[in-house]
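A quick write-up on the structure given underneath.
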Amino acid sequence: MGKNNISLRGKSILGLEYLSEDEMNLVLDTAKEMKNIINRDIKKVPALRGKSIINLFYEPSTRTRTSFELAGKYLGADVVNITASTSSIVKGESLRDTLLTVEAMGVDAIVMRHKAEGAAEYADKVVSPAIINAGDGAHAHPSQGLLNMFTIKEHKNKIKGLKVAILGDILHSRVARSDIWGLRKMGAEVHIAGPKTLLPRFIENEKGIFVHDRIEDAVENADVINVLRIQLERQKTGLFPSPREYARIFGLNKERLSRAKDDVLVLHPGPMNRGLEISPDVAYCNHSAIQEQVQNGVAIRMALLTLVLMGGKSLEIND
Ligand code: CP
């Protein structure tokens, strides 16, 4: 299929394992156009006028929820936020009933974050609006994976052939899984490192991934280092090794960073535990693109909403 025939219209975005390389490139190319809108004085365009989007968040979020909201509003859609703690979910309403209620209001897309892996796929089967997975347990966070690739491409002009190191709490990280799916399809060489207690068992046998015991080996000559948040709230028996040990043995600091390429790019999905998985001087050094990732998150979410709700052809972005 030629690139011009690729369309995500009406498609739910559940995980990068379900998107082809061409589809991911379509999102990245569209996000480039969207970034031009964000950088204008007047950011509003009518591309999604008359469309309605619900942000349905069962877990806390700053970046993802806010950027999906801004993305929808910049494109002229009506956006409503439902947060579990202030909705009828606290009265015991089930996910199914909540989804059916939202569908009955005539929404066009549901952006959903949930603690259960597979929740977005379940939603996609229960209701007809397009579902965009904004994070389901440790399974997937496709928009974060795409914004990470967009940021890499902006700096390196390519993804294929790059050495990308992903460090830390892989076990609980939906970002790591989306990164791994996306980066492998795009031809990057993916290296993983972290304590054994935070590496899922399947990873050792996964094709096309290099697993290291030592952070030093993963970052050696790396083009990109993606440091993951240690998800302290999901550690069932507390963090092992202890936070102090973790920072000493596995934290990304200046000395470890110096093993990577001179123009290495440092990413972190946020929110950061500064001083634990990443030292403050690395988080804010000139290799860090962490703030750019946040801005690129809005562009990627504008691209996803536009492609899912309108396709790619009828953008009225010059109005
Ligand atoms: N990266 C990310 O998902 O951040 P939030 O939890 O703040 O949305």
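Note: Cβ is positioned from N, Cα and C throughout, glycine not excepted.
According to TrEMBL, the residue from Arg40, Arg113, Arg244, Arg248 that belongs to the carbamoyl phosphate site alongside Arg63, Thr64, His141, Gln144, Gly270, Pro271 is Arg113.
In this structure the alpha carbons, written CA, of Lys91 (L-aspartate binding site) and Arg113 (carbamoyl phosphate binding site) are 19 Å apart. Among the listed binding-site residues, namely Gly270, Pro271, the Cβ with the most fellow Cβ atoms inside 10 Å is that of Gly270.
Comparing Arg63 (carbamoyl phosphate binding site) with Arg229 (L-aspartate binding site), their Cα atoms are 14 Å apart once rounded.
Of the chain residues outside the carbamoyl phosphate site list Arg63, Thr64, Arg113, His141, Gln144, Gly270, Pro271, Ser61, Thr62, Ala134, Gly135, Val175, Pro269, Gly297 have their Cβ within 8 Å of the site's Cβ mean position. For Gln144 (carbamoyl phosphate binding site) paired with Arg174 (L-aspartate binding site), the C-alpha to C-alpha distance reads 9 Å.
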